[in-house]
Amino acid sequence: MRLTDIEIEQALDNGTIVIEPRPSNDAISGVSVDVRLGGQFRVFKDHTAPFIDLSGPSPEVQAALDRVMSEIIEIPDGEAFFLHPGELALAVTYESVTLPADIVGWLDGRSSLARLGLMVHVTAHRIDPGWQGKIVLEFYNSGKLPLALRPRMTIGALNFERLSGPVARPYNKRKNAKYKDQQDAVASRISQD
């Protein structure tokens, strides 16, 4: 069952769920807790690659990704990152999240931002049981105007569901977990599949 605001506050107070820095109770509503945008971004560089063969040999896929992805772009507090129409960018939450083996999290974008064309997570909105780290956001601007994104602005909300029991393979214990303990806007690691 989805956790209520009272249960989220209790889970934060007793350390069942850890969000650092801890959100104020004002950031907790009904069934969710707001998360903010961090200051790290990555974009696709101008490139001449005609395509990336996602099912190709791992070294070739990784080499192609390395050619087209930018290094981390740091945006200081108070400044803005501009996401132009039709552009995809990776970013990271300001908060780091730790979940136990019996709770799954879900990230939702804000409706007010979606109404301007901003998709906060293109597809990956599940936060696995056992997750520990910052959450990488997959931004896409489907609107008509560039959007200024500033570090620490409220960007989405997390809600949580308690499972019927702990999972046997929590994310932080899996040997093949590609994004374990991520703290940066980590690019795709599909070559590790």
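Note: Cβ is positioned from N, Cα and C throughout, glycine not excepted.
Non-local neighbourhood of Glu138 (active site, proton donor/acceptor): Leu88, Leu90, Met119, Val120, His121, Val122, Thr123, Ala124, each in the same chain, at least six residues away, with C-beta under 8 Å from its C-beta. Per Swiss-Prot, active site, proton donor/acceptor is recorded for Glu138.
Here Ser112 (dCTP binding site) comes close to no residue that lies at least six apart in sequence on the same chain with a C-beta under 8 angstroms from its C-beta. The annotation dCTP binding site is assigned in Swiss-Prot to Arg110, Ser111, Ser112, Leu113, Ala114, Arg115, Asp128, Val136, Leu137, Glu138, Tyr171, Lys178, Gln182 on the grounds of sequence analysis.
Swiss-Prot lists 171-193 with the feature region 'Disordered'.
Using a 10 Å Cβ-Cβ cutoff, Arg110 (dCTP binding site) registers 16 neighbours. Of all the binding-site residues listed here (Ala114, Leu137), it is Ala114 whose C-beta has the fewest other C-beta atoms within 10 angstroms.
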